[in-house]
Each structure stands twice: as structure tokens, then as C-alpha cells.
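Listed in TrEMBL:
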BINDING   Gly53, Val56, Asn60, Asn314, Leu440  Na(+) binding site
TRANSMEM  77-98  transmembrane segment
TRANSMEM  119-146  transmembrane segment
TRANSMEM  199-220  transmembrane segment
TRANSMEM  232-255  transmembrane segment
TRANSMEM  275-296  transmembrane segment
TRANSMEM  308-329  transmembrane segment
TRANSMEM  428-449  transmembrane segment
TRANSMEM  470-488  transmembrane segment
TRANSMEM  500-523  transmembrane segment
TRANSMEM  544-563  transmembrane segment
TRANSMEM  590-611  transmembrane segment
Amino acid sequence: MEKPPLPHEDDTVVTRDSLLCSLAGEGSQEGVVEPPARDGWDSKVEYFLAQVGFSVGLGNVWRFPYLCHQNGGGAFLLLYVLLMILVGIPLFFLELAAGQSIRQGSIGVWKHISPKLAGIGYSSCVVCFFVALYYNVIIGWSLFYLGNSFQYPLPWEECPEHGNTTVEECTASSPTTYFWFRKALNITDSIEETGEFNPVITCCLLAAWTIVCMGMFKGIKSSGKVMYFSSIFPYVVLLCFLIRGLMLDGAAEGIKYMFYPKLEIWGEVQVWRQAATQVFFALGLGFGSVIAYSSYNPHSNNCHRDALTVSTINFLTSVLASLVVFAVLGFRAREVAMRCVTRNLEKLSEQFSVGPLDRDLLPGFNISDPSLVPLEAYRDWFTAHGAKVPGNLTDCSLEEEMNKGVEGTGLAFIAFTEAMTLFPGSPFWSALFFLMLLNLGLSTMFGTLEGILTPLTDNFKVLKRHKTKLTVFSCIVGFLIGMLFTQRCGNYFVMMFDDYSATLPLIIVVVFECFSVSWVYGADRFLDDIEKMLHWRPPVIYKYLWKYVCLLAMLGLLGASLLRMCFKRPTYTAWNRQTASEVTLDYPDWALAVLAVLIIFATLPVPMGYIHSTLRSRTRHNFLGSGTDTGAVYTKCSTVECDTPVADLLDKHLERNGIPNDSPSPLAEENLRLLPQREGVEDIEDSTDL
């Protein structure tokens, strides 16, 4: 029998007949019935800001600019846009439409498609929990820097002194680098040196979880209000930084250096993998948060327009952030390069004053005033004559400085922080920047936590009745486990979770999502459901994108990620106190075991859900069909009460939940008679969705 279509908004009256009919459907034997009183957004603006706030996160500010810079600049942008159109937007639209149609969290959505696929939703919840653990630590770091920004001068502007001498570790690196590794993290030399807890960062983590708990206290009713500030404020800050950055010397070089196209990178598999991964994470696919947010929408909401709009805003935000980052980093790189020129010209002056040198080696510019010497003029002279002059002169490369510390935490807490110390009124700009990071992190955390709470409360009624307690309990557990990251070696665990705990499981989740909708449920029938919901049919191109392009692209990304892990031992970047520099180390064997456990634990619900549903289906089938003729047992009922086991269970459930117990209609009677013939019949008492 053909699978019933997705439920519609008017299917809110739950009766005995409707339950029997839904039970008779092949894919709805779990009893996915929309709650009669489901929460909803107070306005479309709140929903839109929530989706934008979740998709636009810290990765837009510190990962996208780095990837764009490292992988061909403008060529990477074109590749990113191509993958966004062919893969990102179709999958984003799929999740929006599924959540809005079925009006359930991720567990309920995939259980409706097929009970055997319910594990997809549980995997999404596990990954969301892993991400929430370390993501809130980054919010705690932002709180720490925000609190230290209200000082003048900033505590990371100059190296501290020990006695009458400057701390050697700071002198060998830089004030901002020293403050980050030694003052903020007090980091160990490797992940194997655990060290004690960092009390200040632990308190910041507690404050971060407290803020998240308060924002999520009443679900979307409270978090939606917070989004008015947390989603809009970062754009105000980015525009302020862009205007200020474009006025700085070196900004044009930084932007040009970033966007200069290198088309040859299109032939590298690694670049395609990184671009696809960034599209994947930028839109928040697989987390279940997109599904959760859209499930609170009115049934007729134009989710197709939302998919296009949110994806476009996400991309434009990444470009805006890249402009800001490289305008400021260009200014920082020029300042550092000019200090290099000053040091070298001072050495050159000493050489000419100490002894006679060949006058042909003398530069054509005035070396007595280094501040007036153009960087390009010095580099041209050094290329031609620098090696012939004694004194160990060095090149002063703007490009080399641009390559230092422009990824992840290195960008936010070292490179960008150092650049802001050069601004007039640096405490103001520092407070503004870290307040922006705080809001970017919070809006993403709200969505991540919603990706856990909504599926669980939709699927388990006892949790739905105590959603506030569940929210508080989740935040307490998150803080207690998150203390793992507040040890002195905690930053290394943050990198481990960020690099490996989410990537592979999320890719696997999205592969199953795409396969479930396009092949199990059927892409044509899914488009039919969307047409009934929106009163117009989306372009047929989505059918082929879901069935072939998106699915093959995600399988290719999964294969590339697995091969990379298999052929290249996972590494992490550690801080070495003796050399005052970063070094790349291999993860120890026990850390690799932890990585494997994280990945397995996150993906295990998918096969376990399939096995569990299959075994229950066979058990019910054997129970109902053994020793008797099912056609004789499940006959039409001539009275109000049926003598069948399923009818008895149904009547008990209806009486317990206050659902009208009317006499079965002929259609319901026929469905009841045919019920044992459906594969996967389950005991009504065991259904968590009724």
C-alpha cells in the first residue's frame, strides 16, 4: 500500500478512526500525530532571525576567510557559490520543508518517513550535544576577553615584566600570543599533560551556560526574543569594523591578497572537500536545529523563499566578514612589516657608519628616516642587494605576515586582537569585537540546544510535560562535562571535538536524510506534499538534485573525509613554552581511541535504530500471526467494542488520553482488519508519539 502523505495543518482532531487509519499506514505505524497545541513563533521576524542566527556563527568570521585566503581567493568563492547552489540550498530546503510539513523535531520527522530511520534523529541529538559542549567554551573565552577589554591599556598590548626584565616567552612571541596561551589558557605543552583546572575560565563557562539556560528557559518564546539582539548586533559591529578597516593603511592590500583568484586550485580534491564541508556547516545541515525551528511555523509558510533568503544572507555575511578580517589583517601585516623595515634600516645605517661599504649597495631612498620608506621600495632593494650587505638583514614580506595566525582561535584571540591594539581607542573596539563573538556564539548555541530539546520533547511526552526542567538539567550536565575543556590542556580537547566529533557523523546523517526523502519516501511524493502545503509546486529540478547531485556529493565528501583520516594521522597544534612557538604534534594513541569512540557513539543510533525497529516488527508480526488466521481474528466489528487485541489496546489508550472513542467507520474497520498485514505493526502502548 502506498505510504500516506505528510500530515497537514488541519489534521489536528485526533479520533479513534484517525488513529486506526494512521496505524494502518506502512510508514506511520509509530503513530506520528501532531500535538493539538504546539508552540509557534510569535512572528515571522523571530523565526527568520532564529534561522539566520543559527546558520551565521563563529565559522563565518574565522573559518571562511581563512579557507578563502588559503584556497585560491576569488576562485574559492566561485566554487563555494557553485556548491551552495547545487548542494547547500536544496538540502536546506529539504530540512525546512520536512520540519514544517510534519511539525516534529528530527526524531519525529525521520520516524514518519520510516520507523527504521528514527536513529537519524537520535544521531543529530548526540552530535548537537557534542558541539554544545565545546562551543560554549568558546563563548566562555569571549566572555573572558570581553571582561578584560575594559582596561586601558589593554592587558595584551605589552609584555609583562618579571622583576626588572621582560618575560622571555612573551618577547620571543608577541604580547597577544603570550596573553592567549599563558594568561587566558595557561596551557600545557601537550594534550598528555592534563594540569589543573583554570578557575577563571571555569567561571566564564558557568556564566556562558547560565546565559544560555536563561535564553532557553521558555523555549522559542524566550530565545526568539533574544534573537532580536543576538542576530542583528553582529551585523552592526561588522559594518562598523568594515568602515573603520577601509580607512586603515594596508587594508586594500589585505583585501586584494585575499580575493586574488587562483583558478588552478579547482583541480585539487582537497579544495573541493573543504568548500563542501564549509557549505555543509555554514547552513547547519544535519544538526536537526533547522528542522526544529521550522516545525514551529504555520503550515502555509513559504519555506522555499526562506531557504533561498537565509542561504543568501549566510553567504553575504561570510563575504562581509572576510572583507572586515582581511582589511584589518592587512593593516596589521603592514604595521608589522614596517617595523621590520625600521629594524633592518637601523642595522644598515650601523654598517655604513662602522666601515666603508660599496656605494652601489646604498639604497636610493633616505635610510635616516625609515618611517618614510615605502615597503615596496625596501623589498625591491633587498631582493637586489640585501644578501651582499653584512648584518643579517631580512626580507619584510606582507604576504608572510598575512599567513600567520589567520585560522580559528588564532585569528580571533591573537591576530585580530593584536590589530585592535593599534587602533585609537583600542578598548572600545576590543569590547565591541568580543561582544560580537559572544552574540554570534549565543545565537548558534540556542539553535544547537533546540536541536536536542525539540526532538526529545516531541517524542517523549513525559519530557514534554517537564521541558523547563529538561532545559535546566541539560545545561547543568553540559557545564559539568564541559569542565573537561577548562583544564590547562582543555584547548587541545576543544580542537579534537571541533575537528572530529561532528564532521563524519553529520555527513552520515545528511546522507541518510537525503536518501530517506528522495528514495524511501519518494522525491515526487515529497514535492506533492510541499505543493499541498504551499499551494504551488517547487521546480522539478529539486527532484534530481536530491536524488543524484546532493546524494552523490555527500557520499563523495564522506569518502574524502574517511580517506583523509585513514591516510593521514590526526594532528593538533600545541604551544611549546621553551621555544615560545606553536608546534604540530600527533595525537597519542589514547586520544585516537577517544576520537573513534566519539565518532562511533554519534553514528551508532542510525544502525541501532534500524535493528531495533526491524526486530520489533518481526516480533509483533510473529505474535499476531502465530497459531491463528489473522484474517479471521481481525474482522469487521458489528458492535462498538472490538474483540481484537489491537482494538483493546487502542481503547485503553484512547480512554487514558481523553480521545473520543467513537464507533469505527467502515474505512477504519477495514484498516483495522488489514493492520496485521502491514510490516512493522507495533503495540500502541509502546508508541511514544500518540
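Any Cβ shown, glycine's included, is placed from N, Cα and C.
Feature map: TrEMBL annotations on the structure.
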| residue | record | Cβ within 10 Å |
| --- | --- | --- |
| Gly53 | Na(+) binding site | 27 |
| Val56 | Na(+) binding site | 26 |
| Asn60 | Na(+) binding site | 26 |
| Asn314 | Na(+) binding site | 23 |
| Leu440 | Na(+) binding site | 29 |
Feature contact check the transmembrane segment (590-611) with the transmembrane segment (308-329), CB under 8 Å, 3 or more pairs: no
Interface-richest range of 428-449, 470-488, 500-523 toward the transmembrane segment (199-220), CB pairs under 8 Å: 470-488
Winner by Cβ pairs under 8 Å against the transmembrane segment (77-98), considering only 428-449, 470-488, 544-563: 544-563
Cβ pairs under 8 Å between the transmembrane segment (232-255) and the transmembrane segment (544-563), at least three: no
Range from 119-146, 428-449, 500-523 with most C-beta pairs under 8 A to the transmembrane segment (590-611): 119-146
For the transmembrane segment (275-296), distant same-chain residues with Cβ under 8 A (at least six beyond the ends): 38-41, 47, 50-51, 54-55, 59-60, 63-64, 67, 71, 76, 79-80, 83-84, 87-88, 91-92, 95-100, 102-106, 109, 121, 124-125, 127-128, 131, 220, 303, 306, 310-311, 314-315, 318, 447-448, 450-455, 458, 503, 505-507, 509-510, 513, 553, 556-557, 561
Gly53, Val56, Asn60, Asn314, Leu440 excluded, remaining Cβ within 8 Å of their centroid (Na(+)): Val52, Phe54, Ser55, Gly57, Ser231, Pro234, Thr317, Ser443, Thr444
In contact by Cβ distance (the transmembrane segment (470-488), the transmembrane segment (119-146); 3 or more pairs under 8 Å): yes
